[in-house]
Ligand SMILES: Nc1ncnc2c1ncn2[C@@H]1O[C@H](COP(=O)(O)OP(=O)(O)OP(=O)(O)O)[C@@H](O)[C@H]1O
Ligand SMILES: [Mg+2]
């Protein structure tokens, strides 16, 4: 099928001496995406297995283990079983974790270890194309992982409503809100031990205090605002409402806005840092 | 070679903060030429190449590549350049052919063009039988050849080669030189940096010697040797402490003498004559070697130090 398409494709005119036809944005981003898809082709099997296993681990530990304890002790959370309370939050949580992870070692690798990004900038592609190419593959990966997580969890009755399908785009955005700023950090640092520090001292507290595992009301008043400082807290509220099929009112738009603003600020920083690093 | 100027630099400067890496150089390269930047570590060769490759903004002066300004038309220039950077910068997780495919797409070639180009370039780089192998375990020479092949994927009019053969064994270097000759015959303009004299003499029609960001000499290898050296050089080695004692008598018989820690370099039009005269004066070195002057001697004369640290 692909062979047919290439037989009929017109020559690009870009192998002739003299001025060559400029590449459109779409072409440039597709070329950058093509690189990451090539890399992904070699690794996707392993990652798909872990995509299916990860929700099973959470369901077993949180639903059966902790959930049984919570439900027996206090009759669930509000009106819900602990399973139905916690799994929607974990949908956002796993997206945040995956977004962070995908923007650490792989990004530093292309910048510093194999230096493919420097090689890329020697072609007509620019920093914007590199970012769009890498982030679109990262986003597709996030969407697929979140969809699998939601699908597997649904089989175990983790959600009360079909509206949980909205948790997939919300998870994607939450993941990007971690991935894009992390990209900016990866474009700045020299050594990968920064990732360990970030994971321990930034990501872990964020994950613990975003209302994923217990309602925020359990926290003392002064600790609650922590949840609103990070995109994860906002993502958790949205995925939880989606799973219940509950429209939370206009505040939902505020939550979305926070997430989008974090992505936008991350983009500006990532663009600036990559430019400084590779085009100095 | 035509008269069309492909690279024009006037007062080209590059600073990193306070530090001036390239200090106002003037360069003209014409289509079809093989042009070299020669110089020791830190001379500013790579900094210059990165500006020419449109991946490093110019700090001062004027730079035109293919008649275009890199600050305005960077992408249009890069579409017509091939760049072999000092480090290989391959995606080592991908296979040999995948590296070429991916890179060809970066230049907007169709899939069909990329496949056709890949077959040609694998042949050119003698990597056809390794095409399906991952890059990581390949030898340094193979990776270098792949990097050069990749730089050719867009059929560039100008090929920038930053130390193309550093780290290669002598045989691999000769194979690469042969490939570069072929490209030059096909009309590709070559811009090469190196700190190997023999490489510059083999490949370059014209070259500049750089030191501390400045150009200290310019010309063809032959012109430079004629201008800054003599036709022949006699290398004399002495027993411990003897070198000092004979220096005076040697200097009296030569155009110029360079005293290195382990030997004297005697510059003269005719090495055998000079050697005979030295014997006549009772100078008895441990060993004496008469050879033709090289660019290494030019560099030594210009900067007072040897090129390869
Ligand atoms: N991004 C940078 N930031 C600061 N200084 C730099 C940067 N790039 C190069 N330099 C400095 O500029 C000087 C020239 O470096 P350059 O790499 O151009 O030399 P070179 O002639 O290519 O040397 P070599 O033969 O070792 O490759 C060096 O002193 C180097 O430390
Ligand atoms: Mg260099």
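Glycine is no exception: its Cβ is also placed from the backbone N, Cα and C atoms.
All TrEMBL annotations are machine predictions without curation.
The following features are taken from TrEMBL:
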COMPBIAS  A:1-10  compositional bias 'Polar residues'
DOMAIN    A:46-277  domain 'ABC transmembrane type-2'
REGION    A:1-22  region 'Disordered'
TRANSMEM  A:48-70  transmembrane segment
TRANSMEM  A:90-111  transmembrane segment
TRANSMEM  A:131-156  transmembrane segment
TRANSMEM  A:162-185  transmembrane segment
TRANSMEM  A:197-216  transmembrane segment
TRANSMEM  A:252-270  transmembrane segment
Please report, as numbers and ranges, the same-chain residues at least 6 past the borders of the transmembrane segment (A:252-270) whose CB is under 8 Å from any CB of it.
131, 173-174, 176-177, 179-184, 187, 228, 231, 234-235, 237-238, 241
Criterion met for the transmembrane segment (A:48-70) and the transmembrane segment (A:162-185) (at least three Cβ pairs under 8 Å):
no
Check the transmembrane segment (A:197-216) against each of A:90-111, A:131-156, A:162-185 and return whichever range has the most CB pairs under 8 Å.
A:90-111
Can you tell me which parts of the same chain pack against the transmembrane segment (A:90-111), counting only residues 6+ beyond its ends and a CB-CB cutoff under 8 A?
54-55, 58, 62, 117-118, 134, 138, 141-142, 145-146, 149-150, 153, 167, 170-172, 174-180, 182-183, 186-187, 189, 192, 195, 198-199, 203, 206-207, 210, 212, 231-232, 235-236, 238-239, 243, 274, 277-278
